[in-house]
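S.K.: Pasting a structure here, questions to come.
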Amino acid sequence: MSGAGAIAAASVGCLRTGVPRPFSAYGRGLIIRCHSTGMTLDNINRAAVDQIIRVDHAGEYGANRIYAGQMAVLGRTSVGPVIQKMWDQEKNHLKKFNELMVAFRVRPTVLMPLWNVAGFALGAGTALLGKEGAMACTVAVEESIAHHYNNQIRMLMEEDAEKYEELLQVIKQFRDEELEHHDTGLEHDAELAPAYTLLKRLIQAGCSAAIYLSERF
């Protein structure tokens, strides 16, 4: 059994026995542990947690597809290693949300096939504008995701910061890494992209629509 499979199996085992199992975002792997306190399927706001995990999984999947599109166009250029580094972090984000989907029995959004195509097209399309276009896309998307994560952090803290402590740690860590990507984009001339302000607004409008739809479907 793979490491991810073992983690998922252990998590589901904890859930089936009713033993609370918080999860940790420290290091590169998601560690799901059985404890006497924390989140269980019985004591959480299932609707809220399902929505959070579903939309965040969709967002990280879309981000992976965007970076895949950018690498398809710019992978052999001088900015390729920069994009690859950000993509590697997004792969780790997606891996953790895949594990959470299993642990909390959350179904993915039905719109995954759309985000597959749309994400790659957005990444490749903006990369065709050059390095600046790709970085403008990164700035727009990562700013939207960070704002979205901040909203989730506020909601969970208002509901029960102690109960959701480790979920909050996951989201905060990912939020901080998305902001690093945002800053990387600015450092690599995002604002020099053609029609930068308009491009950013259009991409962020698309992000808002994707978040809205993925939360609900």
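A Cβ is built for glycine as well, from the same backbone N, Cα and C atoms used for every other residue.
Copied straight from Swiss-Prot:
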REGION    48-217  region '2 X approximate tandem repeats'
REPEAT    48-129  repeat '1'
BINDING   GLU60, GLU90, HIS93, GLU178  Fe cation 1 binding site
BINDING   GLU90, GLU142, GLU178, HIS181  Fe cation 2 binding site
REPEAT    130-217  repeat '2'
BINDING   TYR212, ARG216  NADH binding site
S.K.: With Cβ-Cβ distance below 8 Å and at least 6 positions apart along the chain, what are the contacts of GLU178 (Fe cation 1 binding site)? List them in sequence order.
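M.R.: Sequence-distant Cβ neighbours: GLU142, ILE145, ALA146, TYR149.
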S.K.: Using the structure shown, find which entry in HIS93, HIS181, ARG216 (the binding-site residues) has the sparsest Cβ neighbourhood within 10 Å.
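M.R.: It is ARG216 that, of the binding-site residues HIS93, HIS181, ARG216, has the fewest other Cβ atoms within 10 Å.
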S.K.: Sorted by position, what residues of the same chain at least six away from GLU60 (Fe cation 1 binding site) have a C-beta under 8 A from it?
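M.R.: Long-range Cβ contacts: GLU90, HIS93, LEU94, PHE97, PHE174.
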S.K.: With an 8 Å cut-off on Cβ distance to the GLU60, GLU90, HIS93, GLU178 Cβ center, who else from the chain surrounds the Fe cation 1 site?
M.R.: GLY59, ALA63, ASN64, GLN89, ASN92, LEU94, ILE145, PHE174, GLU177
S.K.: Indicate whether ARG216 (NADH binding site) is helix, strand or coil by DSSP.
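M.R.: Note: ARG216 (NADH binding site) is helical by DSSP.
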S.K.: Residues other than GLU90, GLU142, GLU178, HIS181 within 8 Å, Cβ to Cβ centroid, of the Fe cation 2 site?
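M.R.: Surrounding the site, in chain order, are ALA63, MET86, GLN89, THR138, VAL141, ILE145, ALA146, GLU177, LEU179, GLU180, HIS182.
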S.K.: C-alpha of ARG216 (NADH binding site) to C-alpha of HIS181 (Fe cation 2 binding site): distance in Å?
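M.R.: Pair distance, Cα basis, whole Å: 27 Å.
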S.K.: Measuring Cα to Cα, how many angstrom lie between TYR212 (NADH binding site) and HIS181 (Fe cation 2 binding site)?
M.R.: 23
S.K.: Would you report the average pLDDT that the model assigns to the repeat '2' (130-217)?
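M.R.: Here the predicted model's pLDDT, averaged over the repeat '2' (130-217), is 95.
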S.K.: Using DSSP, would you call GLU142 (Fe cation 2 binding site) helix, strand or coil?
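M.R.: SS state of GLU142 (Fe cation 2 binding site) = helix.
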S.K.: DSSP on the repeat '1' (48-129): how many residues come out helix, how many strand, how many coil?
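M.R.: For the repeat '1' (48-129), the helix, strand and coil counts are 67 helix, 0 strand, 15 coil.
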